Amino acid sequence: MSPYPRPRWLVTGASGMLGRELTPLLDRRGAAVTALGRGHLDITDGAAVRSAVAEHRPAVVVNCAAWTAVDEAESEPALAMAVNGEGPRHLAQACRAVGAVLLQLSTDYVFPGSGGRPYREDHPTGPRTVYGCTKRAGERAVLEVLPDTGYIVRTAWLYGAGGPNFVAKMIRLEADEDTVLVVDDQHGQPTWTADLADRLAALGAAALAGTAPAGIYHATNTGGTTWNALAPETFRLLGADPARVRPTTSLALARPAVRPRYSVLDQSRWKAAGLEPLRHWRAALTESFPALCGRAGRPVPGPR
């Protein structure tokens, strides 16, 4: 029997990289899914959000809509706040009106990124960028409006076949460049959208069953690495020489928004809720490769 017999799921931001992964996964598992991309629902429009949620009356809403342009947020703070801060509030208020659960995606950028140990879910936040501040505002809005049915799911370093991302860029650069410079002083967790979508589905089902407490969850592939270690691993899976990836520093590649130096996330809350956390990032990267290579028009390398 399907674990999703009747309840309807509403996915916002369904045309983005994560939404494109989550929507078909829910459909395959027998859920009734309404998928609304940016062209169908602007979450900054409170009236439109209330109307959509009232019309579809979902049991679970997963908000994949977000302003993810980290650097551009520094020069467009009001726009970023409208999407990342006010949008989740509109959704939370609409969910409260119909009794729906809300899964709100968030980010490692809510932390300062200056520590050296994995951040627990209850660790004090301290964003250093406009983007991080707007995402924290969205978290607070959801938890304020939906203390019993609001779920914050923090993730990081997303990649997948449904949109642009670091791994896809490395696949392209391996074909175009002799050597590639990648920063070696940022530590985090690459996260495959397929694995994240699977855990979102499990968390939503557990929320409906009353077995997963509301609050904050960290959802990244486990383990930790640097961009400069992820890039050579990508080259290796392509059958290319990993030594073509050369290290550089964040300072040398300065950008408008500061990047966290260390933003590895602890996932203890999954087991406390009776759910398995995501697997190790290396296993996920290996399994993701056929889809990523297919999107890039590259043949999938055989075993070496």
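Cβ coordinates come from backbone N, Cα and C, glycine included.
Listed in sequence order, Trp67, Thr68, Ala69, Val70, Ala73, Glu74, Ala80, Asn84, Thr107, Tyr109, Ala257 are the same-chain residues six or more apart from Tyr131 (active site, proton donor/acceptor) with CB atoms under 8 A from its CB. Residues annotated as active site, proton donor/acceptor in Swiss-Prot: Tyr131.
Annotated NADH binding site per Swiss-Prot: Gly16, Met17, Leu18, Asp42, Ile43, Ala66, Trp67, Thr68, Tyr131, Lys135, in sequence order. Taken residue by residue with DSSP, Lys135 (NADPH binding site) is part of a helix. In sequence order, Ala66, Asn84, Gly85, Ser106, Thr107, Tyr109, Val110, Pro127 are the residues near Lys135 (NADPH binding site), counting only same-chain partners six or more apart with C-beta under 8 A.
Annotation note: Ile43 (NADH binding site) sits in a coil segment as assigned by DSSP. According to Swiss-Prot, the feature NADPH binding site maps to Met17, Leu18, Asp42, Ile43, Ala66, Trp67, Thr68, Tyr131, Lys135, an assignment based on similarity to another entry.
A sphere of 10 angstroms centred on the C-beta of Trp157 (dTDP-beta-L-rhamnose binding site) encloses 22 other C-beta atoms. The dTDP-beta-L-rhamnose binding site feature in Swiss-Prot is assigned to Thr107, Asp108, Trp157.
A distance of 22 Å separates the Cα atom of Ile43 (NADH binding site) from that of Asp108 (dTDP-beta-L-rhamnose binding site).
Taken residue by residue with DSSP, Thr107 (dTDP-beta-L-rhamnose binding site) is part of a strand. A separation of roughly 16 Å, to the nearest angstrom, links the Cα atoms of Asp108 (dTDP-beta-L-rhamnose binding site) and Leu18 (NADH binding site). Close to Met17 (NADPH binding site) in the fold, though at least 6 residues off in sequence, lie Leu158, Gly160, Gly162, Gly163, Pro164, Asn165, Thr193, each with a CB less than 8 Å from its CB. If you compare Cα positions, Trp157 (dTDP-beta-L-rhamnose binding site) sits closest to Leu18 out of the binding-site residues Gly16, Leu18, Asp42.
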